[in-house]
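> Here you go, one structure.
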């Protein structure tokens with residue numbers, strides 16, 4: 001994505017073309033490119049109705065050069081309509097993602113960004129996050145993933161932000177990089193991309209050497225933390241690996257090792273074959289890195305260049321095999337706050353966690369009532385028994401199965417017969 005023509009970008013392009021600015025990438029070879037087609041099919045064949053929540057898909061389509069004019073126009077129009085109707089209630093991360101998608105690779109949507117003063121408004125939302133941290137024990141209005149995404153968009157589109165705030169709040173030791181004492185790989189990855197952009201801009205503006213050194217050290221430390229979360233080809237988990245790869249491309253020599261690269265690709269290819277990257281946002285987040293791109297490339301002149309030609313065709317439905325699986329299954333479900341409320345429900349075989357929550361609520365609304373918020377990743381549990389998750393208090397509702405935290409959301413985790421499911425009030 002290139003920023004609007006009225007913004008100076010010669011310096012940024014210059015630094016982005018210096019070989020040392022891109023340490024080492026790990027991308028899919030032309031001969032293996034067909035293995036990415038399921039990801040592209042997932043994005044092209046989905047139904048999109050959620051406006052700004054689908055901005056990841058538009059960003060990826062433009063960034064990796066997949067041409068589908070009708071879908072691109074549909075997504076663009078829905079995102080712009082969503083911004084126009086809900087501008088005040090959009091979070092910093094949502095608006096940042098909208099700017100990245102709409103401004104991608106020098107296209108007519110840049111006029112909308114300029115006319116609606118979106119970059120300036122994002123700067124206001126970013127500052128509101130900082131002010132909330134100053135008054136609420138260092139906690140932003142949203143989270144550090146969104147804060148980092150906002151900083152990245154402001155940096156790429158020459159928005160306003162304080163370098164003093166960046167050096168103060170983006171230290172690698174900040175508690176907001178952690179979720180229940182576990183380093184959040186995707187949060188750290190987006191922070192690395194944002195800090196790398198800031199570092200390049202500061203190099204142009206001749207910032208004090210001490211400030212440059214701090215940002216450089218932050219980036220290196222966060223990259224080390226990302227690498228330390230690597231296991232069996234994944235960085236963090238299946239869904240954080242794409243953005244983690246992007247971060248390591250610009251901050252580390254991790255992928256100079258052919259072994260590391262091949263291990264990552266082998267694991268990702270396997271997960272693609274297992275249809276792990278669903279919904280479309282998960283495909284959109286992994287695909288740029290596999291094509292050797294990062295979100296920093298959105299302001300490069302070669303942003304949408306893609307020499308690979310994909311063979312996109314309708315997938316043939318597989319044969320339906322008769323099954324002897326039971327139509328219904330029995331699942332235990334509990335809500336744990338200070339005390340534990342338990343029940344057992346019967347749901348259809350193939351049901352997801354959310355179906356169990358609905359069945360429990362029908363049995364006893366007082367104990368098991370809940371609310372969800374629709375996100376691009378699916379429904380997110382926002383309250384149970386009227387108790388709401390709160391980012392200022394760093395509280396949330398944790399989903400567990402047989403005592404273990406789930407890596408999938410309430411709308412995607414398929415439950416099994418006899419399983420013990422739990423929703424637990426937690427701090428992070």
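Each residue's number is its place along the chain shown, starting with 1.
Backbone N, Cα and C atoms are what each Cβ position is placed from, and that goes for glycine too.
Here's the feature list from TrEMBL:
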- 1-23: signal peptide (SIGNAL)
- 26-261: disulfide bond (DISULFID)
- 142-146, 186, 237, 285, 380-381, 397-399, 406, 428: cyanocob(III)alamin binding site (BINDING)
- 155-197: disulfide bond (DISULFID)
- 350-426: domain 'Transcobalamin-like C-terminal' (DOMAIN)
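Context for these features, please: burial, neighbours, distances.
Packing around residue 26 (disulfide bond) is summarised by its Cβ count: 22 other Cβ atoms lie within 10 angstroms of its Cβ, all protein chains included.
Cβ neighbour count for residue 142 (cyanocob(III)alamin binding site): 19 (other Cβ atoms within 10 Å of its Cβ, all protein chains included).
Within the same chain, residues at least six positions away from residue 155 (disulfide bond) with a Cβ under 8 Å of its Cβ are 161, 194, 197, 198, 201.
According to DSSP, the domain 'Transcobalamin-like C-terminal' (350-426) comprises 15 helix, 34 strand, 28 coil.
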> Provide the number of Cβ atoms within 10 Å of the Cβ of residue 428 (cyanocob(III)alamin binding site), excluding the reference atom itself.
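Cβ-Cβ neighbours of residue 428 (cyanocob(III)alamin binding site) within 10 Å number 18.
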> Determine the mean pLDDT over the domain 'Transcobalamin-like C-terminal' (350-426), rounding to the nearest whole number.
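The predicted confidence over the domain 'Transcobalamin-like C-terminal' (350-426), as a mean pLDDT, is 93.
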> In Å, rounded, how far does the Cα of residue 380 (cyanocob(III)alamin binding site) sit from the Cα of residue 261 (disulfide bond)?
33
> Compare the Cα of residue 26 (disulfide bond) against each of the binding-site residues 144, 146, 237, 397, 399 and report the nearest.
237
